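Chemist: Okay, these came from TrEMBL:
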- 1-25: signal peptide (SIGNAL)
- 36-149: domain 'Plastocyanin-like' (DOMAIN)
- 162-298: domain 'Plastocyanin-like' (DOMAIN)
- 379-515: domain 'Plastocyanin-like' (DOMAIN)
Amino acid sequence: MAAAAGRSGGTVLLLCFSFFALVTADSPYRFFDWNVTYGDIYPLGVRQQGILINGQFPGPDIHSVTNDNLIINVHNSLDEPFLISWNGVQNRRNSYVDGMYGTTCPIPPRTNYTYILQVKDQIGSFYYFPSLAFHKAAGGFGGIRILSRPGIPVPFADPAGDYTVLIGDWYKSNHTNLKARLDRGRKLPSPDGILINGRSNGATLNVEKGKTYRLRISNVGLQNSLNFRIQNHRMKLVEVEGTHTMQTMFSSLDVHVGQSYSVLITADQSPRDYYVVASSRFTDKIITTTGILRYSGSSTSASGPIPGGPTIQIDWSLNQARAIRTNLTASGPRPNPQGSYHYGLIPLIRTIVFGSSAGQINGKQKYGINSVSFVPADTPLKLADFFKISGIYKINSISDKPTGRGLYLDTSVLQVAYRTFIEIVFENKENIVQSYHLNGYSFWVVGMDGGQWKTGSRNGYNLRDAVSRSTVQVYPKSWTAIYIALDNVGMWNLRSEFWARQYLGQQLYLRVFTTSTSLRDEYPIPKNSHLCGRAKGQHTRPL
């Protein structure tokens, strides 16, 4: 899985080591060398142009341990710019490598870029994906797992095996055709199918009777919430996006787009094959796909009806979400219990309310937040800050409350103060389930309910053991509230995980601001950064 970085990346690494020697000298390094190419794939039985990493679809997993430095040398062999982002990896003090266009210049065709990430104070299950040009609809994604350091207790025994399970909806059309449709201002049709680890049928998980296995399930799709289940097997939820949870048993699990979960399953049935099922939620037509849980020595194919799951029931999903809670006594990435940080006792400094918007601008479909449909600037916003280039964007170009105005275009950036504690409420007045992700952070999901959020809604908040995660769903005609400790300086993307909506404007950037120039607060721009737009010709400062 890990390989020494080669070709031109080796020189880049030498330039970068001096920086990490200052701050991460005691943390191990893991090296990856990735070649990103186009290739033919057939996930739904028809030939498509896929995006492969080292010839693989999905891409290779990243295996790491808390505080590891990940040196990922990415060679862009496509004929267009390319970026990778790291869903759930916080990139503390270093939004320059976050892999979104607002922070990072794309990797030009036939060149490479070496990402230098540190999985600082994190554990858990995450994934990476391509963030530009609707590339996510072609592949280029893979799993990320961050294991606990030796000596840090984990609240369950080591499993016999540890599987990445990437589920997601999929189209038969090439990503270029889907992007062109969106660029013409048209909505996308419903997806054509669902994949499990890149396959519409036949993905296999091998087990031995009597043993317990960990499944790291991530919804890497484009829009649909999915329900995941295994015939005749129950799942014990143990971790959500870096938080050890109360170990609740579920017969099926809703995984909303962008989310990641870890479950344990025990192979306690007769040795044969069993269906692994992923099906769409809250859709007019239910799309279903199956894989196989195969016991060692099995000679019997999966049989019987495919196990059914919930379809359009909102209350079922809401009740399950409320049942997911933090294990307060378990250690996280550090030996102290997760419950030692009493988030419910910290005074709120600010409340921000974000409401989704949908409509047309100049005859084309657009989406937005608080009436602003995001337009990418000609230069990454973080680079504009670093090089003090004026005119790229305006601070607070989006309101912190819904305005009721019609939808309009702007490069929406909201400034928030470093080392403050805030509340964000996501309001969803539409008839779809929405899902939001915030880069650079995890947050406490303190409440969700139907109707209109009011200050009195806080009376129902969970201020003791709410789950901490980085992606959260908002049900139709409902709201979700989160608490965030703003302890990570940088420019961080907040977006819809419904990828067409994100592409057409339902995103913004939180500028977590401090006047300090200390390395303890934020690292400088990496010396190997590509520069683009109006940042071309600038020189990165010495480290």
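Any Cβ shown, glycine's included, is placed from N, Cα and C.
How buried are these features, and what lies next to them?
Modeler: Over the domain 'Plastocyanin-like' (36-149) the predicted model carries a mean pLDDT of 98.
For the domain 'Plastocyanin-like' (162-298), the number of residues in each DSSP class (helix H, G, I; strand E, B; coil) is 9 helix, 73 strand, 55 coil.
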Chemist: Within the domain 'Plastocyanin-like' (379-515), count helix residues (DSSP H, G, I), strand residues (E, B) and coil residues, in that order.
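Modeler: Summed by class, the stretch gives 17 helix, 58 strand, 62 coil.
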